[in-house]
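Engineer: Have a look at the structure that comes next, please.
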Amino acid sequence: MVPSAGQLALFALGIFLAVCQALENSTSALSDPPVAAAVVSHFNDCPDSHTQFCFHGTCRFLLQEEKPACVCHSGYVGARCEHADLLAVVAASQKKQAITALVVVTIVALAVLIITCVLIHCCEVRKHSVVVP
């Protein structure tokens, strides 16, 4: 027996609501991870010659390697923070990213469910229609 489209839609809605509830109860990630004192001592501020080195971030000078490095602002990645991280730009926090991904997956799943139900219905109609010679 194939469940009706309404039953499948209610089932999908129940799963969606359960996942949303679980996401609300989860703890969010730390905004700034702690940095050990030993790590901080390996960096200095960049010299004036490197003020424009990072496109979307803060320049830090690596003492051991004697070269600049970038600490990217939120939403940017790359060696010089030159690439936008589109998911981070659309959804700034980790929780919003998870909810955005969940909404996209739910919409795709519902579209697949609707298409499947329509195809099943069409097959049933063809099966029950009488072929006139």
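If you go along the chain as it appears here, the first residue is 1 and each next one adds 1.
Yeah, the Cβs are placed from backbone N, Cα and C, and that goes for glycine too.
So Swiss-Prot says this about it:
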- Cys46-Cys59: disulfide bond (DISULFID)
- Cys54-Cys70: disulfide bond (DISULFID)
- Cys72-Cys81: disulfide bond (DISULFID)
- Asn25: N-linked glycosylation site (CARBOHYD)
- 1-23: signal peptide (SIGNAL)
- 24-97: topological domain 'Extracellular' (TOPO_DOM)
- 98-120: transmembrane segment (TRANSMEM)
Engineer: Relative to the Cβ position of Cys46 (disulfide bond), how many further Cβ atoms are located within 10 Å?
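Structural biologist: Counting Cβ neighbours of Cys46 (disulfide bond) within 10 Å gives 20.
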Engineer: Want to know which disulfide-bonded residues, from Cys46, Cys54, Cys70, are within 10 Å of Cys81 (disulfide bond) at Cα; which are they?
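Structural biologist: Candidates kept after distance check: Cys54, Cys70.
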Engineer: Could you tell me the C-alpha distance between Cys59 (disulfide bond) and Cys72 (disulfide bond) in angstrom, no decimals?
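Structural biologist: For Cys59 (disulfide bond) versus Cys72 (disulfide bond), the Cα atoms are 9 Å apart.
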Engineer: In sequence order, what residues of the same chain, 6+ apart, have a Cβ less than 8 Å from the Cβ of Cys70 (disulfide bond)?
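Structural biologist: Correct list: Phe53, Cys54, Gly57, Thr58, Cys59, Arg60, Gly78, Ala79, Arg80, Cys81.
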Engineer: If you draw a 10 Å sphere around the Cβ of Cys81 (disulfide bond), how many other Cβ atoms fall inside it, taking every protein chain shown into account?
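Structural biologist: Looking across every protein chain shown, the total is 20.
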